[in-house]
Amino acid sequence: MFCSKKKSLEVERIVKANDREHNEKFQYADNCIHTSKYNILTFLPINLFEQFQRVANAYFLFLLILQLIPEISSLTWFTTMVPLVLVISMTAVKDATDDYFRHKSDNQVNNRLSEVLIDSKLQNEKWMNVKVGDIVKLENNQFVAADLLLLSSSEPHGLCYIETAELDGETNLKVRHALSVTSELGADISRLAKFDGTVVCEAPNNKLDKFTGVLSWKDSKHSLNNEKIILRGCILRNTSWCFGMVIFAGPDTKLMQNSGKTKFKRTSIDRLMNTLVLWIFGFLVCMGIILAIGNSIWENQVGDQFRTFLFWNEGEKNSVFSGFLTFWSYIIILNTVVPISLYVSMEVIRLGHSYFINWDRKMYYPEKATPAEARTTTLNEELGQIEYIFSDKTGTLTENIMTFKKCSINGKIYGEADDDMGQKTDMTKKNEPVDFAVNPQADRTCQFSDHRLMESIKLGDSKVYEFLRVLALCHTVMSEENSAGQLIYQVQSPDEGALVTAARNLGFIFKSRTSETITIEELGTLVTYQLLAFLDFNNIRKRMSVIVRNPEGQIKLYSKGADTILFEKLHPSNEDLLTLTTDHLSEFAGEGLRTLAIAYRDLDDKYFKEWHKMLEDANALIDERDERVAGLYEEIERDLMLLGATAVEDKLQEGVIETVTNLSLANIKIWVLTGDKQETAINIGYACNMLTDDMNDVFIISGNTAVEVREELRKAKENLFEQNRSFSNGHVVFEKQQLELDSVVEETVTGDYALIINGHSLAHALESGIKGDLLELACMCKTVVCCRVTPLQKAQVVELVKKYRNAVTLAIGDGANDVSMIKSAHIGVGISGQEGMQAVLASDYSFAQFRYLQRLLLVHGRWSYFRMCKFLCYFFYKNFAFTLVHFWFGFFCGFSAQIALDTSYWTVINHVFIWGSIATYFSILFTMHSNGIFGIFPNQFPFVGNARHSLAQKCIWLVILLTTVASVMPVVAFRFLKVDLCPALSDQIRRRQKAQKKAKPSRSRRPQTRRSSSRRSGYAFAHQEGYGELITSGKNMRAKNPPPTPGLEKTLYNSTSWIENLCKKTTDTVSSFSLDKTVKL
């Protein structure tokens, strides 16, 4: 079924709303997608074309044509025809089955229903029938059908929240907002039906973070950007409904533009076999020429003597023509040097290896009842030759679950305790988790195992209270209640959600917010704070602050962010606490936890009013607005008082660290290609041990132009090759040589290096003039991390390594944003994770956890490759031995193209030797241990099971030992002499590396200030700039009854607070703690 129409190359797109006739003039693609390779009409020609790209199939087809000529064929065509048809049919059935599942997946997507505005009313339409210019209604938790221009939504000011996991792998919510002129349309169907705006925008492209266009409506024009567009593949979240106008549909959507084409994959053994078949065919032609010349000579000198007996007339048979016919006859006879049974046997072996993978219980994930699955049977031996692994981060290496693990408050660590010997132990291993059952609003899925923190809360520790208050107030989280009355948090980043949830479980519950207030529940007491200012996060500030007024009238500044930045803003009186907290942060970072510092400041009312007036003036400026605002933020965020630090675990999948370590020991390089932010990816790199503090250097490429990127790559190479200056200036002159790198140069790099590059820098680095420098530097590094990359850039990086390194690559991911990378690599592996099944459907192998990759490569891959190589060596030996018998026989039969051993004879010999040898072995074995042979020959076999008695004799074992040593020692001695006298390239490199490591002086461990700080400050980068302004503007606030805030006083619940319940359950409560006493702030 053809779903999309062919159209000419677009320069710009013009779309008119609610006017299908107008838009059809441009022949825009409809919304039907197809990821399959074939359809009913094209399957046979395309599949046959692909199969006959295999040289062996073309070779056998050529032999079949020759066998159909009676003058030169001494073998029946049936012997070649049946196996060839069988092989091609089996392969075609397998390809058709794979493509059937692709069609099934496409139909499932194309037949999804959406509400489309047609003829002034909403109608359910299949996705495949949605057209460009249609107005579509989306509801909460619904997939977006096409690339839409957001017109209106249920949220104030035309806002909506989307999840972009299928595009960039991120599960945090992102905000899109409609134009004010269209948000007024609301859900009024009549007004929406009359909407006739025209959009002029860019042509379809693959840039996920960029969109430019203009909406013309009611004699006015409005500029459009990426914030107004909702892309296909997103999911609408936390928004009841929204309306959008279709701009791009089907294959023109940015999601489909980033998905690569399904490619026909071959293994390196298949490519080697193609080359071998050509060489063997050349050898076959040489033998045929020799025998043809021999026939011509024999016919000329000896053949005349036989013409009388054969009743030939004089001159009827020409010797040259006889040699010509004999040549083709011997081509047919000697064709068994590459028999078609070789390919049948290879497919059977591969099928068996695929079943070994499917049946492997050690790759079975019981929690989801998901076994490993070999979705193709043709790539098994390629698994044993992988050199580069390209991995996604979110959902592949991590579970994308943030957990509050530890904290440091006022110089004291919570989350671990001292045992009887005075040694620190992990509380999660020693103690039972804290029981939050007494807190009815606690999140039961989160656990914390240090009871001492609860004791400090009960004792009324003011520093602990202030610490938890910061977590409950300083954030961008939105709250709502579900139908069951449970409090639900909508978080902009999972890190922030973990911190707010931790404060919630510990008694400081964030309840609600407006543009001017934040309401929290402190140990059962409802407290409303006036929000005076929100100092938003950005990548330069690396921190977030809020300024609030508490019910007592005090003005507080609460701040959290990267420790290296926040520590510079502390008051000098914090020196002792700063030293202690720094040690705690280093300890947290050493455990792979993501950290940030917590601080506060008391502000004078007069000083704040003056500062706030300057802030308002700065916001009103047109020129240098951002600089003035940033300066005012810096001014007020000083002389802070340190409270402590938090440690959040970005939970890795089980076994990731061990898998990465073992794959690295196997000399497999792992590159992480992620759409996540740089610091988040770096932090995971440290957690997985792909990045370590012991590395010689970590190169960060973040240039915004091609010139900057080239210069940063050049400086990084100079640093890496500081001992060999000949490499430092050769990046332009020797660009061709850089693309075809010599492996010896790479192996001689003794230090450990890492390369980290951003998506915008990678876009410049992949240009033809720079990609050679990028590839050279990346291949010299032990670890490469590419951040903020689009799905298409992931595929481009894989293609770069495939093309210029000639290395076998593997890509592994779990989301739709990994599909193009999976299709581009030699081997694609899909993880059935939380981002859907798109990656699995496009993959060659699938399983549930990243740790199974180790077994797939190092066990199944190694043995598949080993068995296939052994089989091919034996098979070629056997067939050459059989074929050369006919060649030698030609010298004794007058080169008459007679066969020495016919096909039936050779088939019988094969069966006799295979089944006969097995039967003989087992018959002798059973006979030696049987009662029957003892009854017949009691003298010759005096003992039943004499083999068992023989093995009890020491002399037997001595004979076995001597025989083994005598058999093995010559081979071992030969291999040692070969390595010593004629070492291979790999042996030379290994010897050189060992010598360099021994000669290398022990270097002192350098302080890794930059890298450790980046690692410790990873949290601050998981945020998105702009949420603070959105909150203070009130645009994202739903219209609802605000909580009563007269005088901003505390409101006590009538019911007994949960902290009182907790105190009742505890017997060791301090007597001075009164249940009736008002909780102090």
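Note: Cβ is positioned from N, Cα and C throughout, glycine not excepted.
Cross-referencing 318-344, 777-803 with TrEMBL places the feature transmembrane segment at 318-344.
Within 10 Å of Asp818 (Mg(2+) binding site), counting C-alpha to C-alpha distances, fall the following of the recorded positions Asp392, Phe537, Arg594: Asp392. Counting same-chain residues at least six beyond the ends of the transmembrane segment (318-344), those with a Cβ under 8 angstroms from any Cβ of the stretch are 56, 59-60, 63, 66-67, 69, 71-75, 80, 83-84, 86-87, 276-277, 280-281, 283-285, 287-289, 291-293, 295-297, 299-300, 303, 872, 875, 879-880, 882-883, 886-887, 890, 895-897, 899. Arg594 (ATP binding site) sits 23 Å from Asp814 (Mg(2+) binding site), taking the C-alpha atoms as the reference points. In terms of Cα distance, the recorded positions that sit within 10 Å of Asp814 (Mg(2+) binding site) are Asp392, chosen from Asp392, Phe537, Gly675, Arg788.
Nearest Cα neighbour of Thr394 (Mg(2+) binding site) among the listed binding-site residues (Phe537, Gly675, Arg788, Asn817): Gly675. Of the listed binding-site residues Thr394, Asn817, the Cβ environment within 10 Å is emptiest of other Cβ atoms at Thr394.
Ranking the recorded positions Asp392, Asp814, Asp818 by the number of CB atoms within 10 A of their own CB puts Asp818 at the top. Summarised as a single figure, the pLDDT of the domain 'P-type ATPase N-terminal' (15-81) averages 83.
Counting only the Cα atoms, the space from Phe537 (ATP binding site) to Asp392 (active site, 4-aspartylphosphate intermediate) is about 26 angstrom.
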